[in-house]
Amino acid sequence: NRFSLTSFGALYISDVQKEDALSTYRCITKHKYSGETRQSNGARLSVMDPSESSPTILDSFQAGEVYAGQSIELPCIAGGYPSPTVRWLKDGRPLPSDARWTRRLTGLTISDLRQDDSGSYACEVTNSFGSKEVSGQLHVIDPLRVTLSPKNLKTGISSTLFFTCTVEGSPEYTITWYRNTEPIVPDQHISIQGQHNDTLQITAAQKFHSGAYQCFASRKGHTAQDFSIILLEDGTPRIVSSFSERVVNPGEPFSLMCAAKGAPPPSITWTLDDEPVVRDSTYKTSQYTLSDGLTVSHVNVSSPLIRDGGVYRCVARNSAGSAEYQARINVRGPPRIRPMRDITAVAGRNTYITCRVIGYPYYSIKWLKDGMQLPDNHRQVVFENGTLRLTDVQKGADEGTYLCSVLIQPQVSINQTVHVTVKVPPLIQPFDIPSTSVGKLMYIACVVSSGDMPIRITWHKDGQLIVPGSASGVAIETKEFMSSLQISKVTLKHNGNYTCIASNAAATVSWERQLIVTVPPRFVVQPNNQDCIYGKAGVLNCSVEGYPPPKVMWKHAKGVGNPQQYHPVPLTGRIQIMSNGSLLIRHILEDDRGYYLCQASNGVGSDISKSMILTVKIPAMITSHPNTTMARKGQTKELNCTARGEQPIIIRWERGDTVIDAERNPRYSITINKKGDEVISTLKLNPAERGDSVFFSCHAINSYGEGRGLIQLTVQEPPDPPELEVREVKDRSMNLRWIQRFDGNSIITSYDIEYKNKSDSWDHMYTTRNISPTNNQANIVELHPACVYSIRMYSYNKIGRSLPSKELTISTEEAPPDGPPMDVVLQPMTSQSIRVTWKVMNHVSLALLTSVILYCKYFLDVGVHVQKSKMHQPFHFV
């Protein structure tokens, strides 16, 4: 738990231990696409005893922009001794309590970010020797959220559609539109509108406009999208709910309901005996459309009179067609027949003739034509409500005067006539348009085989009226009942749906067929031999056109000689075929070299193909070098780097950040050797010095790139002598402490302490050996009181012994004597001197000597007193 990996890939070691210096540290990266892994050079730690220092910032942050809901780590890593304490501030105040904020050794982690987390963050690090602060600005923005409406729309052909793309979140974004994963290009049907292109309009929608529509909002690499499924179908209305026939009394209110579905949702109108129902004080109408496209309409009659009876009809209409339903509502009262208008019917269609009788009761309603009661054939139907239906109207048989007869009393009838005129609509003879190819002639004839004159004939392409002329490349020739469309030179732009529309007083009819202009595939951009750089992205160009759009396939043959066998290129995340047919390789590998074949086909004519050679140029890269290496100070050291890549390769050596110039610094020499396609460079240091314990780097450079290899050189030597100090001195012992500054880049194995009487040579020294390297102090015992000693110290590593430390001189304290003097002898020397001699029990100290002198002086003082006049010179003591 002392090791932490930050979100930025840094390794943080807290509470560093001595044993951390025994390891080598490396980081490994893995390529996202190729899976290739690379390992960094190794690094070692030099672990020293801590020295008191103010905090230093090792890793920090400045400013960041993050989306709400994500997490972020604000790094704040500090060094110093004692270990500094860390305090976080937001906008100058301590962080509030929030479970989303986690303080770690490596910094502050904020999860599930919110917009109110934006602000200025400061990290304060403090210990007893000082403080440091690092601050930065955090901006939390809402992620983009996109809503596309309407959703899952089902509507009819020829509708006008509007899509609205609503974007929430970041205020700065761009919008792009797609249909079926392809970018939408505005044309005569489609337009993109709005300040941010947030509205898509489709006018006169066709069947091919069906599909999945997507709106993408993008900002600085972040993208959000929503989609809608649009289905365009035959949306002809249909009545799904209606009313039934009934009889009401005058003044008795009634309500009629009619519901219809269609695409787009239809509108509903009402008629009474073929006359529009107008909203007034008598008729209250209402209409609404539900979310599922159902249109509901009501007619409410609050106080009906006899005239409000009759056949009520609801008609549902939209751009795709119409549907209707009718039923009779009878209001009691004397029966009579409203005047009936003459009717124009269209041949081939159905026609309804309503007997406009009002009042009730009556016995029956009959229809007659030319004196004969109807029906008299299978195409005629008389409903109970008195409506006559003529199916598949025919001009000769159905044209004429019809009589409606209502029996109101036995033997009493009321009658009304109506004249039916039959108009014959145009009938277009079916035709087909054969597929053709570019450059050929095209002649399309539209012939109307029947219909009342005059007949007007027009041509449309993809729903738009064709205007003859040089711009369209189309000529149109029209006679009374025939029109021809002529194209003198067919091009790709003539692809499309062609519609012949014929109209007269009866109806408008059309016949539509598709013209397919087939074009065999051809190259717009041919593949050419290409050089690509290893590790970079490459695009192998190949663009084709034709109709139908050609399908492009890429094949690969390895090798540089004649291609033997092509294999399809596997399409993965690394390799993709672009929309224009080119091949995208996101990360070029050496195995990608060889022959490539771009082959295109669309079923028209023969396939086309073109081969090319892809040469993978290898940028200069270091393939072999020691991550770490050792050298002995004063000896010769060689550093080797092996490089490969496209020739020529230049290898440059650097010491730290400084380029090594071997010509100007004779301590360095550089040699180059070639072995196959590899270049081996050797840097020789003669001799290696302590200052060479740095990072050396070899740089391989060619025309396609540069590679670098880092080498951590550690120059080992005997350690520096420790810095020795005396902490405490007593009469027979002393306490020593030392600091080991430089270990010679090798772990200290032991210490030796030497001491001697100051007056002696070091040949007569005392030694304390093999002191543990984990100790930094020692006690020296069994010393003599009141003695002067010289002390020095050595450090050892596996390389050898250090020089002696600075020699210290110390004096031990005095101690009481072990006993009184023994065998004291007084020997007269002259008339004025006495020799005093004695033996000591053990150690003689200054105090002992003083007591002897005082003793003698007392004795002599008595003699002085007796012979005072003769005693005037000092005595001498031995």
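Residue positions begin at 1 at the first shown residue.
For all residues, glycine too, the Cβ spot is worked out from N, Cα and C.
Note on the domain 'Ig-like' (55-135): its mean pLDDT in the predicted model is 85. Per TrEMBL, domain 'Ig-like' is recorded for 55-135 (among others).
As annotated by TrEMBL, domain 'Ig-like' applies to 143-228 (among others). Helix, strand and coil content of the domain 'Ig-like' (143-228), in residues and according to DSSP, is 3 helix, 49 strand, 34 coil.
TrEMBL lists 237-330 (among others) with the feature domain 'Ig-like'. Residue counts for the domain 'Ig-like' (237-330) under DSSP, split into helix (H, G, I), strand (E, B) and coil, are 3 helix, 56 strand, 35 coil.
For the domain 'Ig-like' (335-415), the number of residues in each DSSP class (helix H, G, I; strand E, B; coil) is 4 helix, 44 strand, 33 coil. Annotated domain 'Ig-like' per TrEMBL: 335-415 (among others), in sequence order.
The domain 'Ig-like' (425-510): residue composition by secondary structure is 3 helix, 44 strand, 39 coil, according to DSSP. If you look up TrEMBL, you'll see 425-510 (among others) marked as domain 'Ig-like'.
The feature domain 'Ig-like' is assigned by TrEMBL to 521-615 (among others).
Look at TrEMBL and you will find 619-716 (among others) tagged as domain 'Ig-like'.
Residues annotated as domain 'Fibronectin type-III' in TrEMBL: 718-815.
Stretch with the largest number of CB pairs closer than 8 A to the domain 'Ig-like' (55-135), among 143-228, 237-330, 521-615: 143-228. Across 143-228, 237-330, 521-615, stretch 143-228 shows the highest tally of CB pairs under 8 A with the domain 'Ig-like' (425-510).
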